[in-house]
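One structure below.
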Amino acid sequence: FRDVHLQVLLGFGLLVPFLGRYGPGSVATSILIVSFAIQWATLIQGFFYFFLHGKIYVGAGSMVSADFCTAAVLISTGAVLGRVNPVQMLLLALLEVTLCSLNEYILLSLMGVRDSGRSLTVHVFGAYFGLMVSRILHQPHMDKRKREEQQDMGQQPDVFAVVGTIYLWTFWPSFTSATPVHDNAEPWAVLNTYFSLVASTVATFMLSPVLSEESTPRMVQIQDATLAGAAVMGMAGEMLVTPFGALIAGFLAGLICPLAFRFLTPVLHSRLKIQDTCGVHNIHGLPGILGALLGVLLTLLATADTYGDRLELVFPLVAQGSRTAADQALWQLCALPLTLLLAALGGCLTG
């Protein structure tokens, strides 16, 4: 819990201050959002999961769940940063926590989907919810003026990014392995996340000089690569990725992020009128989708021969015989369009 909480406060909190004029204010606002969202998430998730005999029972599990939900809200605020005030952000948090908890309950409890590191319920949901809010809030003249203001960037952003990146590197393996913790289980989620992190960072160092004139990538780009490499391991982290598979997945995520910033973000802005301030689509959305598809592929390989005793921990329904591996993979696949639909509708309503 401590690692996840630090990750949400410091890792995500220090992602947002790269806008020259909004830096310190955006950190303060993120702390306000965290404080509000944790309380609201504890209540909403309490009604879904921990409600018994007229009382909500709270403990370590409910605290970690509330932090996960808060992370999704912070991702969404990244898409509209600098264009909404703190009161509007609180309204966004109020509505998003409710829908995020509903999405999580449908996926994890009703459909039996495995998403321990929250590729779908945090990264994909938070990114596309924020993008839809950004689309609804689009005002051509205002956006042009805001863009000009935001280009006033100094050295401060890189200082924040250095600290934020170190926290992300340190605590992200705990984020992906917070829920599937078992004393007798190998820490697969931790190992896979580490391999993915290193591969995505190397990919960014290789690709950045090709895409830009700078010989080394800026700290913010390394931070983005770190996030992308971690997001891709959200669903697949606890599964049998193997170290080689985790390296390949992380490397792909590290390539997707700078390529999407260079080629996809301008298209989103010019054609779809979506201004993505922090680039959450490239950092969380696309790697989250890639991670979900990787999870579907690995679920097809879930047999007692490959997983051994661990099958009971990772895929209890398959181990009990109530589902085949193919059935479970189909449920995992259906979870992706459902999450996108809920995020899109919720974002439109909130916007």
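Glycine is treated like the rest: Cβ placed from N, Cα and C.
Here's what TrEMBL has on this protein:
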type	residues	note
DOMAIN	9-349	domain 'Ammonium transporter AmtB-like'
TRANSMEM	31-51	transmembrane segment
TRANSMEM	57-82	transmembrane segment
TRANSMEM	89-108	transmembrane segment
TRANSMEM	120-138	transmembrane segment
TRANSMEM	159-175	transmembrane segment
TRANSMEM	187-207	transmembrane segment
TRANSMEM	243-264	transmembrane segment
TRANSMEM	285-304	transmembrane segment
TRANSMEM	329-349	transmembrane segment
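Only sequence-distant pairs (6 or more apart) were considered; of these, at least three Cβ pairs between the transmembrane segment (31-51) and the transmembrane segment (89-108) are under 8 A, so the stretches are in contact.
The stretches the transmembrane segment (89-108) and the transmembrane segment (187-207) do not meet in space: the count of Cβ pairs below 8 angstroms, excluding pairs fewer than 6 apart in sequence, stays at fewer than three.
Beyond the transmembrane segment (285-304), the same-chain residues lying 6 or more positions past its ends with a Cβ under 8 Å from any Cβ of the stretch are 114-115, 117, 119-120, 122-124, 127-128, 131, 227-229, 231-236, 239-241, 249, 252-253, 256-257, 260, 311, 314-315, 318-319, 325-326, 328-329, 332-333, 335-336.
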